[in-house]
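Working notes, structure below.
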Amino acid sequence: MISAFTGQQIRDAEQPLLDSGEGAVLMQRAAYGLAQEVVRLVKAKRKLRGACITVLAGKGNNGGDGLFAASILARRGMRTTAVLASAEVHTEALGAFLAAGGRVLRLDPGNAEELAVLCAGDDVIIDALLGTGARGGLREASAELVASLQELKPRCVVACDLPSGLDAATGEVHWPVLEADVTVTFGGIKAGLMTDPGEGCAGHVVLVQIGIEDSLDTPELHRLDATDLHALLPKPGRRSHKYSRGVLGVVAGSARFAGAAVLSVHAAAMAGAGMVRYVGPESAARHVLSRTPEALWETDDPGRVQAWLLGPGVDGEDQLGRAGDAAQSALAAELPVVVDAGALSILPERCPAHWILTPHAGELATLLAALPSTGEVAVTREDVESRPLHFVRKAAEQTGATVLLKGATTLVASPSGVVFSQSEGTAWMATAGSGDVLGGILGALLAQSEDSVRDDDGAYAAMGLKPDDRWAAVAAVAASVHGRAGSMASEDFNGGPLTASAIMTAVPHVIGSLTAEYDPARP
Ligand SMILES: NC(=O)C1=CN([C@@H]2O[C@H](COP(=O)(O)OP(=O)(O)OC[C@H]3O[C@@H](n4cnc5c(N)ncnc54)[C@H](OP(=O)(O)O)[C@@H]3O)[C@@H](O)[C@H]2O)[C@@H](O)CC1
Ligand SMILES: Nc1ncnc2c1ncn2[C@@H]1O[C@H](COP(=O)(O)OP(=O)(O)O)[C@@H](O)[C@H]1O
Ligand SMILES: [K+]
């Protein structure tokens, strides 16, 4: 599992070492790691000698890291320039930089644009203006410099610890920000690099160990990797039969939106449900069965299921009524439920943690506005997009449900405040029906995992997850499988566009490779 921390948590872990006089050692480790990454990036394109590097250095230790790193690069034959954003800078680091032969330029209110033009064509620009000590965004000349540089589209930007202007704890972005190709982060990944909009500005994140890792507190965010997915994905055994594998009930689609039913039912079948029972109008059922003949159309009592998926494409009184009935029976039987789209309007006053709501940002804003005690004034889609971590936590806390907030980075919050962040997809997945496919995958995984989550077969406990947080882990697995399937499908089209159907087709490949990857029994 990948962990991420707030800036404060990193600083707290550093403090004992600073108190014992080891601050300079920490900074040297950070600077060395940063320099190494810059060397790797330059070498991938050209020889080191003569490569042009500019470091934008602020007044704090982040600027110090940048200047020390640039001094290492200067000693390796690179032409290094420091743009000092403040009259005060880290004295030892500037000394080291000058001693290594670096050139210094000073940013002032009149020369920001000129300096931007001067360094935009460099091989690498290091953004060391602000780090974890920042309050708010870049100001005045620094803001002007960064805005001009961003417009000039620099060749390669490496952020030192985090892109300046990004909130390390929340991922909120105070524009302007110089968007990084690579972020080299120190001691622990900052939570703001694993949640939007911050993650969208950070590029590829490289973690440099500086010796504080054992002192870090409980992570702010978790991200499942392939090893975790291997451990958590359900696998059939020799004695499995279709009922024991997990039956999913689906109330989706309507006369108007039949496609959502087709996609969610088929995705559930592709994600390994033992059986899918579809509940809906005949017109939609015809489409569902012609795409997925394996599904059953239930006209009255749907019989036993292990989980429900309610809501994709649900429209009109009849179908909302069916979703409401299923929700009631799920509540009574304590079954896990995925609540998506149309069904988000029929939530009970308090949901259990095994109910997983799957809104996109607009739906989450509507949901929060409808809650009696949000304390938020008219939350908009833009609010959710600029502070997704804050709002997904709030929604989980206030509804009692697990909440999966869809986006380029998908966040899953459990009501206890534990949050997972997954980001394996591609922007081509922002296409109609993509969320219906996610609903189907999640429903199928819940139906298959229900037993193991409740009884815990060891995999969840081994990750240190408390019972109520395990539903969030299942949702994170679904988000990861969905993202990987989208990326795999797009790769099949040479990185080209996708349909939701193409995502679905890739799901069994993704699950197959993740479950087989570490299988010791496989020849
Ligand atoms: N601790 C360690 O040993 C290690 C730390 N490490 C590194 O240190 C970084 C943290 O360093 P830091 O604490 O000096 O904070 P940093 O972000 O560089 O600068 C803050 C300064 O800028 C100012 N300022 C604040 N907001 C501002 C704004 N919006 N616009 C303009 N200015 C603003 C503020 O001054 P003030 O405004 O209060 O006068 C303050 O002095 C961390 O990210 C990592 O890179 C690593 O080397 C590992 C070892
Ligand atoms: N830019 C993006 N990059 C990666 N995935 C994305 C992006 N935008 C959306 N997605 C994913 O696509 C899906 C869209 O879901 P949703 O908005 O509910 O679509 P629909 O209602 O049309 O099915 C979500 O799973 C979301 O995480
Ligand atoms: K920075």
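Keep in mind that glycine also has a Cβ here, set from the backbone N, Cα and C atoms.
No curator has checked TrEMBL annotations; they are predicted automatically.
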Further binder of AMP named by TrEMBL next to Lys406, Gly407, Ala408, Thr409, Thr410, taken from the candidates Gly417, Gly433, Gly435: Gly435
TrEMBL K(+) site partner of Asn62, Asp127, selected from Ser86, Ser148, Ser164: Ser164
DSSP-derived structure type at Thr410 (AMP binding site), helix or strand or else coil: strand
Within 10 angstroms of Lys406 (AMP binding site), Cα basis - binding-site residues out of Gly64, Arg135, His360: His360
Binding-site residues close to ligand 3 - of Asn61, Asn62, Thr409, Thr410, only those whose C-beta is under 6 Å away: Asn62
DSSP three-state assignment (helix, strand or coil) for His360 ((6S)-NADPHX binding site): coil
Cβ neighbours within the same chain of Gly64 ((6S)-NADPHX binding site) - under 8 Å, at least six residues apart: Met27, Ala31, Ala57, Val89, His90, Glu92, Ala93
Neighbourhood of His360 ((6S)-NADPHX binding site) by C-beta distance under 8 A, where only residues 6 or more apart in the same chain count: Leu405, Lys406, Gly407, Gly435
